[in-house]
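Notes to accompany the following structure.
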Amino acid sequence: MGRTIFLLISVVLVAYYIYIPLPDDIEEPWKIILGNTLLKLGGDLASFGELLGLNHFMDTVQLFMRFQVVPPTSDENVTVMETDFNSVPVRIYIPKRKSTTLRRGLFFIHGGGWCLGSAAYFMYDTLSRRTAHRLDAVVVSTDYGLAPKYHFPKQFEDVYHSLRWFLQEDILEKYGVDPRRVGVSGDSAGGNLTAAVTQQILQDPDVKIKLKVQALIYPALQALDMNVPSQQENSQYPLLTRSLLIRFWSEYFTTDRDLEKAMLLNQHVPVEFSHLLQFVNWSSLLPQRYKKGYFYKTPTPGSLELAQKYPGFTDVKACPLLANDSILHHLPMTYIITCQYDVLRDDGLMYVKRLQNTGVHVTHHHIEDGFHGALTLPGLKITYRMQNQYLNWLHKNL
């Protein structure tokens, strides 16, 4: 009898631990629940270790994610190599089939909340191989310094210097890339860095080669308003909750947990920077269907001292949605994927609107049954569907 009760209690506790609310139209929910449970377990262990003072939360999660790392092994379709671009590690994928013309080039930036991730992760290695083979393109997948060891602007600067190196005529010639067909792409935090470096590279007089396209996959684009409708509506959905998103943002700037606490309350933007809120005012930038009866409330003013200590969240290099229209107007053809069940959905939607308002050619794919991270999760139907949409657009436009 005692064993039966113990077993019953154990089953209930396990079920409670793994349960997450999922919308009815999410495909293959048990695969998502399993993946989310593994991430949740790793996160809880990391939190426990941090509570005991054993290790920083993100350092522990990085250790757990090491199982994702795969070697730069060439296959029957693609030659894979590793090198440095201006002291930044990159992994390069070159199709093996003969080409009589110069190939297009894609510079890819991985996600991971500026704290996790690597070009060597299985999910990014797989995507880069598929991209190189499918598009007959040279793919450069870049790494960059990660928090908590490094904070903004290190991540931006690493990616910027790496891309700038790639855009030299002699480097493109070395890898057989057509200088008229170079694009940049990234997912999540990589989408953030994609938008940021694309804006800044336009203003660099020493960079003569222009990017043809940029592709942003569920990008994080602003850290001023942490209570947009998608953050309220999707706050507990996998694989990125609102609390984890805010932890990533705050770690990007500092290990000082005071910033995280202020961001959780949406009370971190001081009055002195309130003029920037016009660029992220979802009440004027979101289509009506995504507002769903939410009422806009200006974020409660925060501490000027906090903003002065950690100015990154008011810097356009960290938050590309803060760029002036005069900058956005000159951006290249843009592709943006947003997902309905993603806390970052509204960042992407607002950027679509702002780019369209300034005359940029934008293709926007909204995945009605999509969620954060779906582009690179192995073995899911939605992953293949999203990758095909993404690669089809690149094939047509790059």
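Glycine residues also receive a Cβ, built from the backbone N, Cα and C atoms like all the rest.
Just so it is clear, the model here is predicted, and its values are computed rather than measured.
Database features (Swiss-Prot):
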{"type": "ACT_SITE", "residues": "S188", "note": "active site"}
{"type": "ACT_SITE", "residues": "D342", "note": "active site"}
{"type": "ACT_SITE", "residues": "H372", "note": "active site"}
{"type": "DISULFID", "residues": "C115-C339", "note": "disulfide bond"}
{"type": "TOPO_DOM", "residues": "1-5", "note": "topological domain 'Cytoplasmic'"}
{"type": "TRANSMEM", "residues": "6-26", "note": "transmembrane segment"}
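S188 (active site) has its Cα within 10 Å of the Cα of these recorded positions: H372, taken from C115, C339, H372.
According to its DSSP assignment, C339 (disulfide bond) is in a strand. Looking just at the topological domain 'Cytoplasmic' (1-5), the mean pLDDT is 66.
Just so you know, the Cβ of C115 (disulfide bond) picks up 22 other Cβ atoms within 10 Å once every protein chain is counted. For the pair C339 (disulfide bond) and H372 (active site), the C-alpha distance works out to 7 angstrom. Cα to Cα, H372 (active site) and D342 (active site) are separated by 5 Å. DSSP gives H372 (active site) a coil state; it is part of no helix or strand.
Around the Cβ of C339 (disulfide bond), 27 further Cβ atoms fall within 10 Å across all displayed protein chains. When Cβ atoms from all protein chains are considered, those within 10 Å of H372 (active site) total 25, not counting its own.
Of all Cβ atoms in the shown protein chains, 29 besides its own fall within 10 Å of the Cβ of S188 (active site). The two recorded residues, C115 (disulfide bond) and D342 (active site), show a Cα separation of 19 Å.
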